[in-house]
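Colleague: So that we are looking at the same thing, I have put the structure below in structure tokens.
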């Protein structure tokens with residue numbers, strides 16, 4: 001009797017093992033089958049779920065020497081020529097538990113870093129996933145120097161090349177090919193998503209583009225212009241991180257309860273117009289720990305003002321209030337912003353010795369006139385993507401310290417004006433969700449856990465996961481009315497203090513009660 005009762009289990013175990021062995025065998029032989037133009041396979045390997053994958057070839061500046069992989073998958077590493085003098089490093093990760101979906105990841109900053117955490121995240125969700133190094137290695141802009149082909153890879157070609165090759169490989173690896181194609185990226189990755197929408201409208205069925213770095217050239221100039229406002233850390237116009245906390249606390253005091261709840265979160269930064277004069281130190285004050293000087297107050301006012309060009313034209317909107325604590329260490333730190341310095345040195349002026357401390361708004365005009373390969377990514381007519389049936393879901397943290405969320409609002413307005421469509425019509429294919437309490441792509445003081453990556457994960461249900469919400473929109477026609485964010489007690493994996501439904505633009509969240517502010521149903525999108 002015992003042997004008979006074990007037979008079904010043994011049969012099932014054998015079937016599972018055979019399936020596993022077949023997948024490993026397919027992976028082991030796959031490299032020999034890849035004979036695509038300009039594609040040079042470095043290696044193909046089977047990676048079991050639970051492996052802490054070492055990444056010895058990842059540039060040290062990318063900050064990732066290993067990556068935990070949650071799902072069994074076949075890893076394909078290759079180089080792909082993009083011209084006679086340039087190539088991208090590309091990886092494709094094919095999960096054993098495949099859902100029939102293809103996905104491309106993006107990049108960040110000026111970096112030439114494959115975002116292995118996004119590969120692991122999306123492969124773990126069953127996507128056949130690709131990621132590339134943007135045509136160079138490391139986070140510096142130095143590879144752009146006198147190398148326009150590398151700039152072209154960075155502007156658009158790396159992502160598109162990876163998509164073309166990745167789709168071919170997916171069809172080769174899985175006999176069923178793929179049903180739908182998706183994109184997931186934030187920051188530079190958000191810009192890359194919109195570049196695909198604008199230039200290659202048939203590449204993706206669904207694009208999730210967070211905190212997009214479009215209006216790119218002006219973003220570069222906006223980021224460096226803060227130094228001309230704050231000066232160095234010895235200037236009387238400079239604010240220390242401690243002084244920025246004083247400013248931040250006052251801004252929150254003035255603007256927190258505009259939404260109806262005192263929770264430390266500004267729900268709609270458009271309604272926040274802080275009066276900074278309230279914290280100028282009184283004449284003769286002996287204790288200046290909770291106030292700032294008049295010169296510093298002027299710095300704050302200028303930092304929170306739009307950025308205009310030499311002819312008075314708007315180049316970039318203001319930094320949204322509420323991001324002061326996060327921004328104090330990166331763009332208000334008394335040094336020219338590093339990515340901007342690199343862009344001007346190695347792209348705009350081709351001069352590694354260019355002095356970033358001498359930057360003026362005239363330099364912004366030079367950079368914008370150059371706009372190599374239309375890296376601005378600012379085209380407002382996305383009708384080709386609309387006609388192709390594509391969907392785009394974009395989000396932007398309203399505590400973003402690197403890319404103002406006001407810029408995403410500006411692009412939304414430009415698309416509406418260019419295409420002659422109001423919010424109801426745009427909702428059919430383009431939905432934008434400002435996320436209160438979210439910093440740059442992740443982190444922040446509020447409910448930032450929206451599932452755009454491993455660092456914001458709070459479940460794979462569409463209502464809790466911005467990527468899976470896009471899948472549901474594309475495959476079932478159910479468009480997201482909101483995206484739910486989780487407020488973690490101590491980062492991803494810790495307890496969830498509360499959740500909040502972030503409204504789709506141009507709606508905004510208002511506290512109505514009767515429950516506590518931590519009750520998501522006590523809020524209403526108006």
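Each Cβ is built from the backbone N, Cα and C atoms, and glycine gets one as well.
Quick paste of what Swiss-Prot says about this protein:
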SIGNAL    1-18  signal peptide
DISULFID  27-74  disulfide bond
CARBOHYD  52  N-linked glycosylation site
DISULFID  62-113  disulfide bond
CARBOHYD  137  N-linked glycosylation site
DISULFID  186-441  disulfide bond
ACT_SITE  187  active site, acyl-ester intermediate
CARBOHYD  233  N-linked glycosylation site
DISULFID  255-272  disulfide bond
BINDING   256, 259, 261, 263, 265  Ca(2+) binding site
DISULFID  281-291  disulfide bond
ACT_SITE  400  active site, charge relay system
ACT_SITE  440  active site, charge relay system
DISULFID  503-525  disulfide bond
CARBOHYD  516  N-linked glycosylation site
Colleague: Which state, by DSSP, holds residue 516 (N-linked glycosylation site): helix, strand or coil?
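Modeller: Residue 516 (N-linked glycosylation site) sits in coil per DSSP, no helix or strand.
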Colleague: Tell me, which recorded positions from 186, 187, 265, 291, 400, 503 are within 10 Å of residue 440 (active site, charge relay system) if we use the C-alpha atoms?
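Modeller: If one measures from the Cα of residue 440 (active site, charge relay system), the recorded positions that come within 10 Å are 186, 187, 400.
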Colleague: Can you tell which of the recorded positions 256, 259, 261, 263, 400 lies nearest to residue 291 (disulfide bond) in space, using Cα positions?
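Modeller: Going through 256, 259, 261, 263, 400 one by one, the closest to residue 291 (disulfide bond) is 256.
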Colleague: Determine, using Cα-Cα distances only, which of these recorded positions is closest to residue 281 (disulfide bond): 256, 265, 400.
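Modeller: Result: the closest of the recorded positions to residue 281 (disulfide bond) is 256.
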Colleague: Quick check on the recorded positions: of 52, 137, 187, 233, whose CB has the lowest count of neighbouring CB atoms inside 10 Å?
Modeller: 52
Colleague: Between residue 516 (N-linked glycosylation site) and residue 256 (Ca(2+) binding site), what is the CA-CA distance rounded to a whole number of Å?
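Modeller: Here the two Cα atoms lie 15 Å apart.
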Colleague: When the Cα-Cα distance from residue 400 (active site, charge relay system) is computed for each of the recorded positions 27, 137, 233, which gives the smallest value?
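Modeller: The answer is 233.
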Colleague: Got a sec? Which of these disulfide-bonded residues, 62, 255, 503, has the most Cβ atoms within 10 Å?
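Modeller: When each Cβ's neighbours within 10 Å are tallied, 503 tops the list.
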Colleague: Report the residues of the chain - excluding 256, 259, 261, 263, 265 - with C-beta within 8 Å of the mean position of the site's C-beta atoms, for the recorded Ca(2+) site, in sequence order.
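Modeller: Residues close to the Ca(2+) site, other than 256, 259, 261, 263, 265: 257, 260, 262, 264, 266, 267, 511, 517.
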Colleague: Cα-Cα separation of residue 263 (Ca(2+) binding site) and residue 27 (disulfide bond), in Å?
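Modeller: That separation, Cα to Cα, works out to 51 Å.
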Colleague: Counting Cβ neighbours within 10 Å across all chains shown, tell me which of the recorded positions 27, 113, 186, 261, 291 comes out on top.
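Modeller: Of the recorded positions 27, 113, 186, 261, 291, the most buried by Cβ count within 10 Å is 186.
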Colleague: Of all the recorded positions given, 256, 259, 400, which residue's CB has the most CB neighbours within 10 A?
Modeller: 400
